[in-house]
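According to TrEMBL, the feature region 'Disordered' maps to 92-165. Sequence annotations record features per position, and here TrEMBL assigns compositional bias 'Basic and acidic residues' to 92-158. According to TrEMBL, the repeat 'WD' annotation covers 213-246, 272-303, 313-354, 396-437, 456-497.
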């Protein structure tokens with residue numbers, strides 16, 4: 001608000017007295033001085049200045065009415081007419097707008113630098129993962145070469161075909177000791193990963209039983225069948241998820257990429273393949289009515305089966321690596337690179353509780369029941385958490401490397417975990433220490449006894465995914481060697497196999513158990529008929 005000083009007012013009074021004549025006697029005035037409040041002249045002059053100031057601002061047709069009010073100096077108001085005052089206000093606002101534009105540019109530069117820094121962090125994390133995989137592969141090659149050079153010729157039983165699940169002699173010896181009332185620790189042993197071409201060809205799934213789903217423009221890293229229908233969801237590095245409608249009955253050979261049977265769920269407007277929008281994980285709710293996706297941008301999104309984006313959940317400050325619906329379908333659980341896990345209230349579309357226990361990125365999450373769950377991290381730790389509790393209700397420590405995956409058994413009493421320390425472990429809520437330490441990967445174990453049942457001998461490169469059939473009679477495995485094997489758990493043999501054109505990141509069965517899906521590094525998704 002414009003204000004006038006006593007010096008300025010005194011000068012105005014002096015000028016008035018000069019102009020009106022000093023001898024104009026005040027005694028002749030009929031006004032009762034007792035009725036005039038102190039400071040009346042100042043108040044009167046002040047109101048006049050405010051009126052002129054308002055007139056100069058509000059009558060300026062060149063300026064939007066919602067712009068900031070411009071204050072003027074009293075002497076300017078006194079010595080200039082309204083048009084001059086309007087021009088002054090216009091110049092003032094131009095200068096203010098210039099300053100605002102400069103600030104916006106500075107903020108844009110800051111945001112760009114911040115985005116570049118985040119991108120560098122994400123790229124560094126990816127580079128770390130790639131370097132880790134490369135190093136592991138080199139180590140495996142060295143071990144394989146060393147094993148071959150030290151291996152003495154042995155006579156193999158003629159009836160044992162490569163590609164079978166075999167029980168090693170050392171395992172038989174260990175079981176024999178257990179039967180006699182003693183047990184011995186098993187040393188890690190080499191896993192035979194070669195298979196003859198003849199045995200592979202004998203059970204190769206024919207092309208007529210394979211449907212190749214094309215459309216993604218980057219690697220397909222996640223897939224999941226709807227639990228109630230014939231819908232298959234896939235997530236890719238091209239910043240999209242897709243919902244494919246798979247016809248009942250036998251597959252039609254060849255590519256299936258018609259827009260009639262696929263919905264594209266875009267996670268970024270316009271361009272695709274933005275690495276900050278990689279779809280890293282996805283999961284259907286129990287009713288099969290909603291699909292949740294997690295992305296490298298730190299947001300979880302919920303979609304309907306017709307491809308409509310229902311809600312976007314934003315609070316994480318880094319990529320989401322895992323997400324799961326609880327069985328009831330009222331909560332969604334997410335784990336992120338920002339070291340936290342968040343439970344989201346799906347109906348309210350807001351976060352209910354954030355759990356900040358890990359000191360490294362949260363790699364996986366899994367519900368135990370509708371209100372409690374487990375989280376695993378690069379910090380080697382596993383925490384069991386419960387909604388409403390501010391501390392973990394259980395802490396499992398024992399792994400010597402990053403814990404990549406956790407999974408509860410159907411009863412919610414046992415928790416399985418696998419780690420970069422080359423072990424899988426079984427944990428029980430009643431104990432602090434792991435119940436079983438499973439040191440042979442690509443193996444099938446009896447969890448209750450912690451006993452090795454079979455070795456999965458067939459893949460040449462790391463196995464990234466395994467999945468039991470709904471009836472529990474078969475096991476599917478997918479590997480970076482581009483092959484998927486289906487094993488019989490009755491006789492320990494590979495009964496079906498399929499080789500694609502890229503490494504396999506995930507395999508999954510439909511609810512009927514007559515179809516499998518596999519997602520590949522060559523941007524494709526395959527659906528295979530399974531019948532014996």
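Cβ from N, Cα, C; glycine included.
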Helix, strand and coil counts within the repeat 'WD' (456-497) (DSSP): 0 helix, 23 strand, 19 coil
Helix-strand-coil residue split for the repeat 'WD' (396-437), DSSP-based: 0 helix, 21 strand, 21 coil
Residues of the repeat 'WD' (313-354) by DSSP state, where helix covers H, G and I: 0 helix, 24 strand, 18 coil
Within the predicted model, mean pLDDT of the repeat 'WD' (313-354): 95
Helix, strand and coil totals (DSSP H, G, I; E, B; other) for the repeat 'WD' (272-303): 3 helix, 17 strand, 12 coil
Helix-strand-coil residue split for the repeat 'WD' (213-246), DSSP-based: 0 helix, 19 strand, 15 coil
